[in-house]
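Asker: So TrEMBL lists the following for this protein:
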type	residues	note
TRANSMEM	A:33-52	transmembrane segment
TRANSMEM	A:72-101	transmembrane segment
TRANSMEM	A:108-126	transmembrane segment
DOMAIN	A:125-413	domain 'NADH:quinone oxidoreductase/Mrp antiporter transmembrane'
TRANSMEM	A:132-151	transmembrane segment
TRANSMEM	A:163-181	transmembrane segment
TRANSMEM	A:209-232	transmembrane segment
TRANSMEM	A:244-264	transmembrane segment
TRANSMEM	A:276-295	transmembrane segment
TRANSMEM	A:302-324	transmembrane segment
TRANSMEM	A:330-350	transmembrane segment
TRANSMEM	A:371-403	transmembrane segment
TRANSMEM	A:409-428	transmembrane segment
Amino acid sequence: MSADILSFIIFLPAVVAFGLMITTKHVETVRNIAFLTTTVILALVLKLYIEFEPSAGMQFVTNVPWISSYGINYYIGVDGFSLTILMMIAILIPTAYLLLWEGRTKGYWINMLLVQAGVTGSLLALDVILFYFFWEVMLLPVFLMIGIYGFGDKVFTTIKVTVYTMLGSLLMFVAMLYLGVTYHAEFGTWSFQYDSLTQITSLSYNEKIWLFLAFLSAFAIKIPIFPLHTWIMETYKNAPTGAVFLLSSIMAKLGVYAIVRFLIPIFPEIYVEFSSWFVFIGLFGLIYFGIAALMQDDIKRMFAYSSASHLSFIAAGIFSLNVFGINGALYLIIAHAIATGALFLLVGIIHDETGYKTIKDLGGLAKQSPIFTTIFAIMLFANVGLPGTNGFVSELLIIFGIYEFNHTLGYISALTVIIGASYMLWMFQRAILQDREGEALKFRDLKIKEIVGLAPWVILVFLMGIYPDIFIDKFEPTVTHYLNDILQIGAAK
Amino acid sequence: MNELIHILPVSLILISAVGLMFMSMYENKFSTKQYITVSSVVLIVALVFTFIPLGELYAVRPYNNIFNDVLIFDSFSNFFNILLILGTLLTLLIGENYFRSNKYFKGEFFSILLFALFGMMLLANANELVTAFIALEIASFAVYVMVGYDSQDSKRVEAIFKYLVLGSFIGAFYLLGVVLVYGATATTNLTEIATYISTHSNSELTLVYIGLTLILFTFLFKISAFPFQQWVLDVYRGAPMIITAYMASTFKIAIFSFFLRAVLQDIEPLIDFWDSIIYIIIILTLVFGTWLAITQKIVKRMLAASSIVHTGYLLLAFIALGQNIDAAYATVFYLIAYLLSALGSFGIISHIISETKVRVTYDDFKGLAKERPYLAAMMTIFLFSLAGIPSTIGFIGKFYVFTEAINAGYILLAVLAIVATFVSVYYYFKLIAMMYFYPTKEECLDNDFNDKRVSTYAIAFLAIITVVGGIGSAIVFFIPALNIDTLINMTQIAIQSLFIKS
């Protein structure tokens, strides 16, 4: 049973989604069953988390032939890296359901379930073709969600997102096929498993660079890394809250995850050689998106830029080639998912209730809704990295990592944190605290079920901020394995 | 007696075609429904007979002294016969609604359909150039008639005229090619031509080269590759919807069945000679087809234009044959994938058109998802498959083709094909966007539709196969029967039977 638990986690949402699609028309039934499914998954992931032994290897592996004539296997497993992210997804999604509770249609919930299946699948897949399969599958429901439930020029937005992500995906697809064919030429058998692909030795330097870039393009678009970010503006503005939440707090993280899972093991020397470029691009993105966020009036767009800014920071950490940076990046993946996810959902509530999206239209929310404001503030502080929150731990680790990588860049990264703090606090002051002149804004406070939904996030923010070791211990061995065995750089700890 | 089994399906189709022709003399006695039932039963019986030797490797030349080796029955032809019968059967079932709501489909139509199938099956079994020509013409003429089936419609008259004239013209090229080959080798039998080629040096083969190139032109015309793609849009647009589906999928398979045999079994060395020609043809086919597909406003024309792009992918696998034989499996698999998705997508559209008659352009498909969610969902599956999105059989098909192309060293072509795939996402997804993201147009609203019909179930069956063929054992790995590998194994056995010397 324990070997099949992963498959169960992946396919349960999909099976439930298809079942709901053809059986019932009742929105509330669909929502309740969907929510129940996510809690079942949460329970399973918790069981997995407890049973997981902190070590470098893959656990709970299932490897059965899928298309055996081409050596494509249904090969899934979990290690410290994916487990942490899996845990995050399992906690975030049910709480998101609680915050999106009212007034959604059947298709909305079904699409949410399908996204969860796709995301979990691509997180656990260890065969590149299987990974590609899930990677594409998770995009399609989001495509439908934006197109059907979005606002403004939603069709244009949908097409733009699809075109961008498909372009990246197809480049990655070519690279995967090329690797598979190279493996075939070298070893005489077909295989698309990532651990077989790491054994390829016959690639020339130029080939490796091209393949590396092809893979990276898919991941960088998803994250998004500067300059492949231009799709996020319209998308975050026009997409429905659920889709924005999924894109920013979950799918973007999979881009980062995929860099670690596939790029580092398959192209270690290219990764090391170009790391300084990517740290630089990451820091540039951090500053660029930060400044852009400062200038936004639309609150969702501001969060879009802020999210991109933090994601660039994560990317910089991933490429910093030492245990601090990578640990910090992984930690920030979680912290950012929690904080940004919550903020997007809270802004979604503001938008649903008041219809306002621009910062200058808002104000005075603090008086009418103290609980809302408190939680909003906690997430905001976590996002800007206030000591005591998980944001602080992760940013500190990344800054250490970058400092060790290059002192000057380390100083720069430390200073840039202030940009994040300034736009966030400025927005908070204008949109939530300050009293608006004229008619009072009608706004309700959070309901009990929304508070229940957000409670685990608040707890996690502080727990991860105050006592990070219980989490870091789970993935530390994996990170050192990456550095010592794959990159052959002595771990700094 | 054993030999009878092999020729039974083909002869059954021929006899039933003639039988239906006689039946159609008593027009008023039988309804369209009865014709459909009779033809379906015949097809299912034929299918059962073809399924008996499925999965075994064999090659027989029955009644050698009567047929003089012009026909060969092997796993290869059997495999293609299954596809052809299945394609025809599905066309018939999907078109049920369309045939019944358009009164001009009289009894003889079903007889012609079976004649077309007979011609195509004969083509798959042909082992000789002239027999192949006759088979090709039987099938083509039946298709010509079906294209122009409603003489009241001026578009249809234009379509049949264009297709008939061009088709006959290109047929002349084929005959000229055969003559030249015969002039050089003194035989039209494929096996003997192969022996001739392998025993003579390159300088003695000029005439054969020219002859075979002329035959290649016919092939390119029939599968609508560049520069012979001009007729496709008008003919596909003019033909009854369901016939368009038939031409795009089943007829294309029949053409490939013969030319794959010819290339693989006998004239393989010649593919090097064609290499650079086909290389350029693929590039132009992909580019031109893509450009045509983007610029269309009418959905049917878009699907027709995109079928040119799919021809490009097929040729990509075809050219890779010169380097490795595995590419043959890719070609066959892609044909199956395209058969399913094309029949499905054209089928749904014909199903919808037969009731409302107003859905023609992209705009007319607005809001279909709200009106008829299941049809829209199935259409989405087929469009995903055509675009090669994972979890559909179209993805697996593309995966094979691209892998084999890269494996054969055609990396640039593979990249170009992937770019074409990328662009195809645009024109396929545009239709999905229309169905899902807009409110319904008023003039297209129609609440009287009845989706509990044979056609809907046939389409649903196709949709399920399209998904299962893409996911296969990944989701149901405890059910061994639903395995993509089984399908690949069958294509491999089929191809290998070409190399049995009997």
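Residue numbering: from 1, along the chain as shown.
Just so you know, glycine gets a Cβ as well, placed from its N, Cα and C.
Keep in mind the model is a prediction, meaning the values are calculated, not measured.
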Asker: At a threshold of under 8 Å on Cβ distances, which of A:33-52, A:132-151, A:163-181, A:371-403, A:409-428 pairs most often with the transmembrane segment (A:108-126)?
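Answerer: The stretch with the most contacts is A:132-151.
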Asker: With Cβ distances under 8 Å as the criterion, find the stretch in A:33-52, A:132-151, A:209-232, A:276-295, A:409-428 that has the most pairs with the transmembrane segment (A:163-181).
Answerer: A:209-232
Asker: When you look at the transmembrane segment (A:132-151) alongside the transmembrane segment (A:371-403), do they share 3+ Cβ pairs under 8 Å, ignoring any pair fewer than 6 residues apart in sequence?
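Answerer: They are not in contact.
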Asker: Answer yes if the transmembrane segment (A:330-350) and the transmembrane segment (A:409-428) have at least three CB pairs under 8 Å among residue pairs 6 or more apart in sequence, and no otherwise.
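Answerer: Contact between the transmembrane segment (A:330-350) and the transmembrane segment (A:409-428): absent.
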Asker: Excluding the flanking five residues on each side, which residues at least 6 beyond the ends of the transmembrane segment (A:132-151) place their CB within less than 8 Å of a CB in that stretch?
Answerer: 10, 104-105, 107-108, 110-112, 114-115, 117-122, 125, 157-158, 161-162, 165, 169, 172-173, 176, 218, 235, 237-240, 242-243, 246-247, 251, 254, 258
Asker: Other than its close neighbours in sequence, what residues sit by the transmembrane segment (A:276-295), given a CB gap under 8 Å and a spacing of at least six beyond its ends?
Answerer: 225-226, 229, 302-303, 305-306, 308-320, 402, 405-406, 409, 412-413, 416, 419-420, 422-423, 426
